[in-house]
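Below is one structure, written out as structure tokens, with a few remarks after it.
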């Protein structure tokens, strides 16, 4: 059997822990062959690993012992493995065994001089893997064998931080006794106390406080107290308020933020606790009549119904039994305390909007979502999901015969243009490892823009409103964004392969779309734009495979393209004209009835057909014209 084929069997035996089968497969093989077989990297299930790595990953100590003691396999081999949905590049057998909780394999590897401080591509150590998994026995063994507890990963996230976040109190206690720094800061500015507070691990918060963990702000201006309040971790908030030496303002804002967060949190919704904590905070503000701590309230915001936040116990008492007012009060309080640029402000706004949409209260939903969208764009956050959410709710409204305001569509189109503009800039300056997702998001935004254009064609617009919508379409058309295949907006509008989101959107939008194509053309879309294969929109539409049942769409698009100056004799990179690319007799007939070849087109085709030299003989604009033919 060839070595390539045999390597697969060797890997399978190691992965399944079949030590006798593995030994039999390697019997009578030469040393170079054995070295090759045991160092071959096999790709399987998204992993790239050697027999040693997969055996360690799966906890097969007998296989690991055989490979190390009999075949002297390099204990420092690295591969790519999957753990809890994460892909780990550069992992050793020791990292895998530690992360998977295989204590005997860990001991075996360390006894064969595996490097306990070897780091993966993201600077993760075997000790960090064990802390993630919460295996105190492995953590203790590694530390006793010189594992460095201070090595942080590439985000400066320490072993103590991951153990605190995952809730492994015994590991946290052990690391602190081994002098792990409770005040080390991650790249985002957070400490172990931030992570424990966010996750609501009360015992760990108590332990960290005992070890003098400081109440510092992270990169978003959040203390562990604020993080706990924002995450609805009431017991942690109360513990920190009892132990930390915070001023009156911090104490009051923690109670207000906790109450406000209970009002609009999908997982922790509790309107009773909302009022309870807001009322406690209000009492704190009015505790000393000679020194009332007044709120610095936000100016009224349209999304919140132009409400002003309650400023005294009487105003708060007046909304006790009005849950809708309490929901909005919660959103206003959160935005005041966290600041409009905080990354967490928008999520509850979106949630509350979704609840309104579920209850058919679309106007309130759209106001809230527009506010959240503007906050996220102001903070330069990625908004492709927010934009799609609007296409979905507008489609739902149209499907239910609910009126959609053209002004709302225009505002979302405007935000969509901005997001696509930013997306183009991100693509031109890619930041690894986000390059692929940046391109994915960019294409999603192009599709969403087309959904919004399609929705605009089904929305009642006044004579004053239509030009406002057209202005946003014009802006994007002249940016000329492209897909990875080089398709323009017009290509997508006439392509039956353009994907349509299936949550409400496909009830209203479909492609090819004659109204969308016409509107794009009216706003200046180039009817002779070509993709990477040299195909024009006309090349695309003539391949539509529903020419009978959707004849009107096919006919209208071909007419619109030709009347706007689409060249019916234009060739793609395979030298095929739209007529050559037609896949049905109907599209052929429609094309032939529209073909009005100019003398200029005939001359260009003759030049190309007879290979007459024309480069540098005619004006550059004419050269491009000839090349199209």
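Cβ from N, Cα, C; glycine included.
According to Swiss-Prot, the features are:
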- 47-77: repeat 'ANK 1' (REPEAT)
- 89-118: repeat 'ANK 2' (REPEAT)
- 122-151: repeat 'ANK 3' (REPEAT)
- 155-184: repeat 'ANK 4' (REPEAT)
- 188-217: repeat 'ANK 5' (REPEAT)
- 220-250: repeat 'ANK 6' (REPEAT)
- 346-379: repeat 'TPR' (REPEAT)
- 485-529: repeat 'ANK 7' (REPEAT)
- 533-570: repeat 'ANK 8' (REPEAT)
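Among residues of the same chain six or more beyond the repeat 'TPR' (346-379), those with a C-beta under 8 A of the stretch's C-beta atoms are 261, 263-266, 301-305, 327, 330-331, 334, 340, 386-387, 389-390, 393, 396-397, 400, 402, 405, 408, 411-412, 415, 418-419.
Across the repeat 'ANK 7' (485-529), DSSP classifies residues as 17 helix, 0 strand, 28 coil.
Secondary structure counts, DSSP: the repeat 'ANK 3' (122-151) has 17 helix, 0 strand, 13 coil. Contact count against the repeat 'ANK 1' (47-77) (Cβ pairs under 8 Å) is highest for 89-118, out of 89-118, 188-217, 220-250, 485-529, 533-570. Across the residues of the repeat 'ANK 6' (220-250), the predicted structure has a mean pLDDT of 93. Counting residues 6+ beyond its ends, the repeat 'ANK 6' (220-250) has Cβ neighbours under 8 Å at 188-189, 191, 193-194, 196-202, 205-206, 209, 213, 257-258, 261-262, 265, 267-268, 270, 273, 277, 284, 293, 334, 337-339, 342-344 in the same chain.
Across the repeat 'ANK 2' (89-118), DSSP helix (H, G, I), strand (E, B) and coil residues number 17 helix, 4 strand, 9 coil.
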